[in-house]
Amino acid sequence: MSKVKIVVAGPRGNMGKEAVKMVSSTDEFTLVAAVDSKHAGMMLSEIEGFQGIDIPIYTDMQQCFKENEVDVLIDLTAPAFGKKHMQTAFENGVRPVVGTTGFTEEDIIELRATAEEQGIGAIIAPNFAIGAILMMKFSQMAAKYLPDVEIIERHHDRKLDAPSGTAIKTAQLISEVREQKAQGHPNETEELAGARGANFEGMRIHSVRLPGLVAHQEVIFGGVGQTLTIRHDSIDRTSFMPGVKLAVDAVLRIDTLVYGLEHIIE
Ligand SMILES: NC(=O)C1=CN([C@@H]2O[C@H](COP(=O)(O)OP(=O)(O)OC[C@H]3O[C@@H](n4cnc5c(N)ncnc54)[C@H](OP(=O)(O)O)[C@@H]3O)[C@@H](O)[C@H]2O)C=CC1
Ligand SMILES: O=C(O)C1=N[C@H](C(=O)O)C[C@H](O)C1
């Protein structure tokens, strides 16, 4: 069986570094190139930390796809680029596996239409960690019985988007099973703007950003005389890699856009 030919976008980033390692050490995958924000024309092996990985670096994704035969793009860049990178992949018949966050519901609808028009598989996964997927599934189960819920997500202070993609996805999954409801006292006021967090259909999302954190989330449910807390912690970015590998395998078998690994891990 021929190997899956992969390009990683964002190879010097926290996630990109791990993805380069995972792809390079997986027998059935081959890393053919990297797309970076700089270092066009260099080899990845010339950059510290990538010794022995002799693949070209491009800053122009179109050029990368023109000069290389590519099956899958793994995108781990920044919210401003995820959508554009997916469109470039579709134009070139390349299947995107995207961990980059910051997509709106409208972006997903638009990208799914393109994927289906072209019959190309694509996966956007706000979180690749299996524990985080379970946290989201368990939260959806709990929300049926305990509809008052607040989400506290905690991330490192280099994160660009708030709330996190995982918090938004969790709120979306919960809203599939609960009636929209305003939480807290009907007459409550914010003495400082933002004190009650972001409002997703009445559910509150609070974003903490601190050095020392990686990626953590608590989903807290309140009921009469009780609370339930469902918590997940990624303490290392290796936690995401089995999910990235699973997504690469899955994207080759689908011809639509799947948003969320919970649709792949049944
Ligand atoms: N789905 C999941 O499980 C996870 C998703 N994420 C998401 O993945 C993304 C990356 O996270 P993280 O690795 O922590 O971020 P980093 O900032 O550490 O890495 C992003 C990398 O992408 C590079 N980059 C930026 N723009 C481009 C571009 N247009 N083309 C190519 N490369 C580019 C950056 O280069 P430069 O620094 O020069 O700008 C940087 O090296 C974020 O959106 C984050 O939310 C993170 C963890 C898990
Ligand atoms: O930026 C991060 O670090 C993470 N981003 C994703 C998100 O926005 O949910 C996934 C994980 O939480 C780590």
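Heads up, residue numbers simply count up from 1 along the chain you see.
Keep in mind that glycine also has a Cβ here, set from the backbone N, Cα and C atoms.
TrEMBL annotations: computationally assigned, not manually curated.
The domain 'Dihydrodipicolinate reductase N-terminal' annotation in TrEMBL covers 4-128. Residues annotated as NAD(+) binding site in TrEMBL: Gly10, Pro11, Arg12, Gly13, Asn14, Met15, Gly99, Thr100, Thr101, Ala125, Pro126, Asn127, Phe128. According to TrEMBL, the domain 'Dihydrodipicolinate reductase C-terminal' annotation covers 131-264. Sequence annotations record features per position, and here TrEMBL assigns active site, proton donor/acceptor to His155. Residues or ranges marked as (S)-2,3,4,5-tetrahydrodipicolinate binding site by TrEMBL: His156, Gly165, Thr166. Look at TrEMBL and you will find Lys159 tagged as active site, proton donor.
Feature map: TrEMBL annotations on the structure.
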residue	record	CB count, 10 Å
Gly10	NAD(+) binding site	24
Arg12	NAD(+) binding site	18
Asn14	NAD(+) binding site	15
Gly99	NAD(+) binding site	24
Thr101	NAD(+) binding site	23
Phe128	NAD(+) binding site	25
His155	active site, proton donor/acceptor	22
His156	(S)-2,3,4,5-tetrahydrodipicolinate binding site	14
Lys159	active site, proton donor	17
Thr166	(S)-2,3,4,5-tetrahydrodipicolinate binding site	26
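Within 8 Å of the centroid defined by the CB atoms of His156, Gly165, Thr166, the record's (S)-2,3,4,5-tetrahydrodipicolinate site, lie the Cβ atoms of Thr101, Pro126, Asn127, Glu153, His155, Lys159, Asp161, Ser164, Ala167, Ala215, Gln217, excluding the listed residues themselves. Nearest neighbour of Gly99 (NAD(+) binding site) by Cα distance, taken over the recorded positions His155, His156, Lys159, Gly165: Gly165. With respect to their backbone Cα atoms, Asn14 (NAD(+) binding site) and the residue listed as 'active site, proton donor' stand 11 Å from each other.
Here the CA atom of Lys159 (active site, proton donor) lies 10 Å from the CA atom of Thr101 (NAD(+) binding site). Note: the Cα of Lys159 (active site, proton donor) and the Cα of Pro126 (NAD(+) binding site) are spaced 14 Å from each other. Proximity to Thr166 ((S)-2,3,4,5-tetrahydrodipicolinate binding site), defined by a C-alpha to C-alpha distance within 10 angstroms, is shown by the following recorded positions from Gly10, Arg12, Pro126, His155: Pro126. The CA atom of Gly165 ((S)-2,3,4,5-tetrahydrodipicolinate binding site) is located 21 Å away from the CA atom of Arg12 (NAD(+) binding site).
A Cβ distance below 6 Å to any atom of ligand 1 is met, among the recorded positions Arg12, Asn14, Thr101, Phe128, His155, His156, by Arg12, Asn14, Thr101, Phe128. The highest number of surrounding Cβ atoms within 10 Å, among the binding-site residues Pro126, Gly165, is found at Pro126. Confidence over the domain 'Dihydrodipicolinate reductase C-terminal' (131-264), given as mean pLDDT on the 0 to 100 scale, stands at 97.
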